[in-house]
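Notes follow once the structure below has been shown.
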Amino acid sequence: MAVTGIVAEFNPFHYGHKYLLEQAEGLKIVAMSGNFVQRGEPAIVDKWTRAQMALENGADIVVELPFQVAVQSADYFAQGAVDILSTMGADTLAFGTEEDLDYSEIARIYEEKAEQMTAFLETLDDSLSYPQKTQKMWESFTGIDFSGNTPNHILALAYAKASAGKNLRLQPIKRQGAAYHSQEKNQMMASATAIRKHISDRTFVLQSTPSSELLLMAPQVNWENYFDLVRYHILSQEQLDHVFQVNQEIANRLKSAIVHVHSIEELVDKVSTKRYTKARVRRILTYILVNARENNLPNGVHVLGFTEKGQEHLKKMKKSISIVSRIGAVPWDQQTQTADRIYQLGHSDIKEQNFGRSPIRIEKLG
């Protein structure tokens, strides 16, 4: 039986995600972001709610990406997630994409020319952002056209790069429904962006998300729930460059801007430049919020939930890797657990995220 790995955020889970799980083969393992996501923002609902939505709609196992993997640029996000899925026994990597490309060939090219491609990046002007440099690299070595690029396309290339040299079959699945950033409500499959924007429209949410009651009943947050905390950190700390990925230039820009803004989006708009993209600034604000440091990644894999079929696979994997099913006095990953405690500050109804929590168990459906 195939073991298919899927990297996801499910922010929140919607019918496009359900379609992807339906198209994937065999046992399906999801490596999912925790309470903070790749583009640098708090997840709309907590990791346990999102994991349960996935398990009720086709996933067999959901494991958590550590904070330092989940809140990263595309390449680091993809590499960390693919490494975890490989250790979990995945032989196939399924992912959504808008483009009809031969990702296996792209992975082969990167495996053969990784050194040259990395050296090429070093020759590019520092005024370019890292995503712009990466696009130029792919254009030069593979001829890919980025004129209509989208986040899923960028991530798909990052997955191909991360899978180079690994025994992984790549299974790209064409995205269905609304575009990634679409805020439209009249689409057959609404995007996560649209669902977050219109979360107060109960009828729309019921139409757009499977297991929608889980989403509607869970405490919901966004960046504005944490703005005062971010402002406090920026104003009260004399130096910010001890925080992960914060240099003196960005620290100065943040300290200058924070006294003039009244929201996270205003702050991001004031601080971002061609070099410091909005996504990068949001990630930096997330690092400041949780006081992140550069740390080693945890050895164990934290399991958020599983089905009966998933449980059988986990029993086999316990012989070769460390499976963390319950977090007690000894931390799984201190940085992730600190981030979770801060996430709880965004809403008084968010439950404890780690201590005493056991994996969600879903009985066989249908």
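Using the three backbone atoms N, Cα and C, a Cβ is placed for every residue, glycine included.
DSSP classifies PHE10 (ATP binding site) as coil under the three-state reduction. According to Swiss-Prot, the feature ATP binding site maps to 7-20, GLY96, ASN152, ARG175, an assignment based on sequence analysis.
All protein chains included, VAL7 (ATP binding site) registers 26 other Cβ atoms within 10 Å of its own Cβ. Neighbour counts were taken at the CB atom with a 10 A radius for the binding-site residues PHE10, PHE13, TYR19; the maximum falls on PHE13.
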